Every structure is written in structure tokens, then in C-alpha cells.
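Accompanying notes for the structure given below.
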């Protein structure tokens, strides 16, 4: 075993008490808790795959009693147990989502953590607890009389090698009276230095069983889930004991019963020996059971295997496991995977990118959640995949450092790893088809490190990523005021909103003053009349432009459009909320100006409709957004980004400001946003780019085609394509013929049922039938049957073109009757020839048995005479064709 885990010293190998808590049918219990009506009923949890009812991943004990097992299909379970309840695993990102089961496992772990700090979660439904400290404390209390074991604490408790827990307790009680009663047996099996720990082994395990009962009771009370437990001196023995008595039971594995258990325990049942390493051990040592390893010395095992694995095998065969219970409340890695069996193999680059995106999205979400809960970050990523190379499945695993945590970076890293470690990634001559199909794909991250309190880069990264997602989805512009409000928590919402509008209007005044440069009234501008504000100036310019030039305002300026700001001000007016004097006056002016603009646009709408087509196109290019009244009538929604750009252009046109020239780099959209848009588009319509679903286009300019006479389709003018197309039509014609034949046969069978049954005929025996076993009467299907007269048909067919066959009584068309009769003649001839040959061979064999020492020539003559004699009784095929009608 090559693992970098902590270990205890060899001197303390029998001092520990380790407890394994294993949840009973955990997935089924989670479903029963969510659906109480499923309790006490056969239940199974199935995967999302709908083929044959889905794959079963968990079965409760009521369904197991009916023969239902894991890895069955849902339909098979229904056949064995019709009343079974099949619960579907939630499906997210086109794969199973087990988040609710992980959350339930964390709920159980929170209860277990109260009993000891040495808690190691092995999986969603398993956890190791080192309760040595608790056992030592209770041993001291027992010696002082402050603690005593009670029978009710050992309910549903079993001990390996003992009929009942009472026998095990009696043995421990007798040993208290005579502590050295088993020393002779112990000295033969254990080292002299280990005898004190061996003598106290059983009582320590019994106290551990009482602690296990308390743990299981607490889990049941606080979570509602039932669990089993195994109590032993190390992790491997505790896991073995936990599975011996289930459900809702606990088992003690005494130290002295380990050897007898290993004598009949297969090697694969030991943790760490269930895979390829266990197979290598069995083949190398020629063993089957774990107890057979004891006969090998440590040196032999180290020579056959490496030093570390040899020592580990030597110890575990004697029930010794030095691996410590490492405190691990959280998982060491976060991963997700998906299989693609059969026709679902990934054969296209677009398909691979899609599924890498789905897996990366789940990894990203779980990393973000894990950081919030556990304050840690992953530094390592592993990509696992299985390829179909020349008909064989080749599994590969590649790893790399993980620096960025967004979905795009994980997809890019995963794809680069697969490309770099595949000899030929794309099929020759193609840019989108994979050379080797992928049957399995998985991504996992690990090597977590705790983030210090002063390190906030990761948190900022997730915040920026969330903001980027909001911008892509269009939610960011509406959230800008909210961000400003969150920065100033002491101010009220009303005050902040009014201050925002006041600052906005003041900024608009300054921009208008800069754009105009010199006012229309220089004296007034020089005097700086305080009563003339920005709104009045704009209204004056607007009326002057409409009156003198007759221009039509095609779009409302961005400052006064009936947008979020004006709607908010109207709402403030209706509700009666009072703001500052400046904001109230500006809001009234803005509302009044907006109403006048709408009226002007309504009056000039007819003139606007009479404009030429070129002017309409020019106006639509200049002003991308319509007035609010027109957009509401059309019932169309506009993109917020497009609206902002168009209003900005209108502002430049109306105020006369020359927009600044932008470079090519500035004109390009945001790289991050463009990449996220590509990801979103690939997720939505990735199936359209599947290589395996691509239909080749027939280019008539390169390959000439001819028209099919039957279906009118254009076919390439080549021999192979023509023959394939003709075979297609022939197959269709043959299928139609077979269907018509089947319909005729069904019709004839119904007619036969309606006819009256004919009385059976008595068979006539020939006079010489008893004289020889070979001179029998001709069979019923002989050639002579062809010349016999047949009785007339009792009932004529309804179709005058049909006649009844004298042989098979079937109604055949008159046109097809000669061919049908030839079939019967040929069949009867074949049967006659086969029977004739059989009689000849049988007679020859019998005569050889009677006279085995006859000379070769004489036996040949007799064989020829036998053939001539046997054939004289029946007509030969030559005689049949030579006789006259």
C-alpha cells in the first residue's frame, strides 16, 4: 500500500478502539425522509438514464428481500417486485445530481463530530471515529466505581465468534476473576510485550460498543437516519465488522477471533486488496483466503512485492493495521464524471467541449460553495478519460496545477491535457471529428490549502465572476444603484436615490454648458441668470428647432426618455414622498419636458411615415431605439446594451459634441464577455454542431447524378451508388411481398378453422408387413401419393381465381398452381431419396455385423445386391420420368 497517511507506532497497535459508522441504505433513507409515505415499502433509487427504467444505485432491505439488487435495471426490479417504489436521482447538467445526499451526509457528520475530534469521513455514508480517549476515560471511571456497563447499552450488539453478546460478556467477567487464565494461549500467538494490551482488549472493545450505541442513538434522534457500526482495534477490522450484521446493528470483532475469521475470508474483502493489487497477490502467492498469507514470512513478502507492501501484507494477515484515523471532516477532493456508453460515445470536438463545460460548471459551483463553507482553495486538477483505441478501452489520467477557477479556464486546461496526451487527437482530414471516441470523462480537483484571514483574492475572484455573469445575462445595469447604496449603509434608500438624481441633473447642466459654448443671449449668459436652468434652455432650443427648421424629432433624448428615472420621479410624486428642493423642481421640469416631447412626436408621426425609404434606413441606423410609445405598440423588447449605445449616439447628435475616435482595440468587445457568450451559445445549440449528426452535402458540380425511375431521387452516377439504391428498392419490394404473403396465410388459416374437420382415415397394412422389417408400406409422403385421387373440396373458396392444393389443402391462385405443385413434387422426391438411402445403409451395416470376416469383393457384391433388392420394391426416379401420362 503506497499512501502518504499517518500511522501509529507498533507498540500501540492493540491500544486503540476504532469505530466505523456505516449508514444503512443511505440514499433510500434520504428519499424516505423526504417522502414519509415510502416508509416500510420496497424502494430503490435509480439513475437518470431512462433505458429500461434506469440503473439502480441503492436498494433498501425490504426490496432486497424480494430479490432486487444493485446494478439491476428498474424494469427488472419491477418484474421481481411489482410494488417497488423507484425514486429518480435529480438531473442537472444532463447528469445525476447527488447534492442532497451529500448534504444529508454532512448533517450526520455534524452529530458524529461531537463525540470525538478524530473523525475521518470515508465517503458520503461512512465515517471512522477513534474513541480511544473516551474508552480510556471510562476505564478509569469503571475502576473507581463511577461508571458501569448497563445491558440496555448493548442492544443489537453482536460479537464475532460468540453465539450472543451475553456469552462474550460472561467470558470477560470470568477473566476479571482470573486475569491470567488465557496467558498460555496468548503466549503462542502474541509477543510477550503485547500481553498486557491483549488481556484488556475485550473489555476495551465492550466499552467501545457502549459508546457506539450512544453514537447511533444520537444520529437516529437528531437526523432520523439509522446506521450500523463496527468496533475493532483498527480501521480495516472495524470496516469488516460493520458489514457483518446489518441493518441497525453493531458488531464487535475481538482480537482473538481475527485468525479464525481470516481462514475463510477472501482476499478481496480486505480494504486495499479488492482491486488489481489483490489479484496480483492471489496469483503470485497462489492463495484464495486471507488466512493463507500467514505462512509467508515478512522477507518472502518483501521479496515478492516491494518492501512497503510486503510489510503491510505481513501485518494485515495478523490483524494489524497501523493507519491512524486522520481528522478529516471535509472531502479531500471535489470531482464529477460521466460515462458515454455505446452510441453515446463522444466522437466530435464540439461534443467534447460541451461536456467539459458541463463538468467544469459543476466543479466551479462546488468550489465556490466549498470556499464559503471551509475557507480553502484547490491547487491541483486531474482529468480522467477512457478512449476507444482499436477496439480496446484505454484509460488515462493527467494532472496539472490549478490557478484559475472559472469555467472557461477549467475547460481550456482539460482540453489541452487531453490533446497533449493523445497521439492523434483529430481524425485525419477533419477539423471536428475525434480520432478516438471517448467513453468516460471526469474532472476532479484537490490538494486544498486553507486561505488565511488576510487573503481575499479568491473571494474577490468569485465576486468578479458573479458580476461578470450578471453582466452577460443583462442584470448588471439594473443593479448599479444597488451597489452604490451598499457602499453607504448609514444613509436611507430615499435619500440616496434623490442624491443620485440631483447629481445626475447637475452633471447634465455642466455638459450642456460646455456643448453650447456661448449662450443664445450673451448678456443673460454673462449675467448668469440664476432662474434659467438647464431644462428651460433645452425646451427653448427644442421649440425653436421645430418651428424654424421643421425637423422631426425621431427619438427622445436619453436624459428625458420615459425610462427608469422619470418613472421613479413620477412614483415619488404619486406617493407624496418629499425630497430636496432642487431634486423636486428638476423632477417636475423633467416630467413636463418629457410630456411635451411625446406630444411633438405624436403630431409629427404622419410626416415621419411619409419620409422616403432611404431616410427611414438612415434614421434606423442613426437611432436604434424607438420612442417608448412606439415600442409598446409594437410589443417588442430591446436589448439594454443596444439601447444604451443608441441613446449615447443621440446625445452626441442633439448636443453637437463630436464623439471621440476609438482605436481598434477599444472598439473590440470585452474578451471575457465574448468568451462567456461563446460558452453560452455552445451550451444552447451544441447539438447542431455534432460531427456524428452531420449530413454530408452532395455536390452535383463534382459528381454527376441521374434520376431514379421509381422514386425520382438524384443518385450519383456510379456503379456502387446505383447498386445500393436499387438494392434499397428491392428490399422495400421484398418487404411488401412478405407482408402480403403473411396476410394471405393468416386469411387461409382463418378459413381452415371455419371448415369442418374431416374424419381420420384408417391405415391399411400390407400383407407382407410382418415378414420383413424393411419391406414396409410406402410412406404417406411417397411419390405414389402424387397419383392418388383426392376427395373433392367440401367448400369452394370465395375467390373464383383460387384453387385448393391437393397436398397441403391451401388455396392457391390458378396462375401460381403449377409452380406450387412442382414444389410438392420436389419435396416428395427429396424425402423418398433420403429414405431409400437410409434403408440401403442400414441393410449394409447389418450384414457386415453378421459376417464380419467376409472377403472384400464378396461383401461388395452383397452390398450391390442389397441395394438392387431394396430398390426393387419402389419406383426409381428414372421410372417416374419415363412413364407416360
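Keep in mind that glycine also has a Cβ here, set from the backbone N, Cα and C atoms.
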Residue in 103, 125, 130, 167 which Swiss-Prot records at the Mn(2+) 1 site where 22, 23 also bind: 125
Rounded mean pLDDT for the residues that make up the domain 'UmuC' (18-274): 89
Helix, strand and coil counts within the zinc finger (798-832) (DSSP): 16 helix, 6 strand, 13 coil
Where residue 70 (2'-deoxyribonucleoside 5'-triphosphate binding site) falls in three-state DSSP terms: coil
